[in-house]
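Heads up, the thing below is written out as structure tokens.
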Amino acid sequence: MELPLGQCHDSRSWDDDSDPESETDSDAQAEAYVARVLSPPKSGLAFPRPSQLSTPAASPSASEPRAASKVSAVSEPGLLSLPPELLLEICSYLDARLVLHVLSRVCHALRDLVYDRVTWRLRALHRVRAPYPVVEEKNFDWPAACIALEEHLSRWAEDGRRAEYFCLANGHLAAIDSVLLLQGGSLCLSGSRDRTVNLWDLRQLGTEPSQVLVKTLGTKRNSTHEGWVWSLAAQDHRVCSGSWDSTVKLWDLAADGQQFGEIKTSSAVLCLSYLSDVLVTGTYDKKVAIYDPRASPALLKCQQLHSRPVLALMADDQHIISGSEDRTLVVVDRRANRVLQRLQLDSYLLCMSYQEPQLWAGDNHGLLHVFVNRNGCLQLVRSFDVGHSFPITGIQYSVGALYTTSTDKSIRVHVPTDPPRTICTRKYDSTLSRVCAEGNLVVAGSGDVSLEVWRLPA
């Protein structure tokens, strides 16, 4: 799938051009959206499964440099008299955290060996036995990556047999379309088509269901919004929920989940990004808007960046990246207040996960795409078939782990190598929506009204 790089210097600004849509039936609009956007592609329009788009990195066994010898010569026989290759082999049987944080304090010789960047590169590549990472930056943190990889592989070893599974089915009356883990995985929020946002205490997993479900946010009985809840985002203890009722509601978990604000948008809110200073929304009426929840009025900027609904977005201090049903990916420079780039794709992106400078995204053909952000210009570096046959609805990427969910009723656990290696697959009776992983917890929303939770070994 060869994608154009697009223009990187589109000088158009994106000042406010908002115009509220005429009132519509939010439920009917939402049902039509789901039928159109989340349905698998027609068989006659099958998208070709990708071959590798660029030459993969050399196999770690091919020409990988060996760690330089930094162990001082000793006159007395002992551990330090061993060749560095043998010392590294011994260290490979020890936990990576112990090697980095304990062994490095034993003596200067071991410290030098442990702090050698090549040592950790060799160890990581030996563990995954595949090109890794997909995009390597100049200052890539190999020790941290190695620790994360080993932890992920250990937790999901033997097809995830050590993972505890919990099905929380007592909180919602309709499909769950958004999930969000908070406080290191201690708490979880879930948003549903039953118009509610539930707060769960996952520290109580395994106890009575009534102890796990803390409360439903909002003061109305059995209702948080007046439409389907489609998106959630958080900033510290403040969280927000976006709905098909064209509102974003703000909640303070430090104040027992009390509502502290509400923003009326021009259309249904399909995606959110909550930063320390602003809230960014992508809406059904093709617009991306920036709000300051502390101000009145809250709207700062609004622009129709797409010709179809905005399905996914992410934002940081410098850029806003939005994907739409019109099969475009747009990059906006927040500081210069202008569009930097507009990429035309062969499919539309339904979900994104960003760790600078990599953007991982899942599309409506069940494919995974990896972009690299170079000063506001996105470049597609890889596209992968990770085994999903229907649209990918959720993705969570980190340097050591990769999770995907799909309307094919499965969640897949991968190692983020090139290409990703699937180490565990779980099939269910209903479609799975967003996925979120934090700490040793993984959660996903289900179409059969349950919150799916996996608690991994700590």
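Backbone N, Cα and C define each Cβ position, glycine as well.
If you look up TrEMBL, you'll see 16-28 marked as compositional bias 'Acidic residues'.
Taken from TrEMBL, the feature compositional bias 'Low complexity' covers 50-64.
Taken from TrEMBL, the feature domain 'F-box' applies to 76-123.
The region 'Disordered' feature in TrEMBL is assigned to 1-64.
TrEMBL lists 169-203 (among others) with the feature repeat 'WD'. With a threshold of 8 Å between CB atoms, the same-chain residues lying at least 6 positions outside the repeat 'WD' (169-203) that come near it are 30, 209-218, 222-234, 239, 241, 243, 251, 253, 257, 430-431, 433-441, 443-451, 453, 455.
Averaged over the repeat 'WD' (222-253), the predicted model reaches a pLDDT of 96. What TrEMBL records for 222-253 (among others) is repeat 'WD'.
Using DSSP to sort the residues of the repeat 'WD' (222-253) gives these counts of helix, strand and coil: 1 helix, 19 strand, 12 coil.
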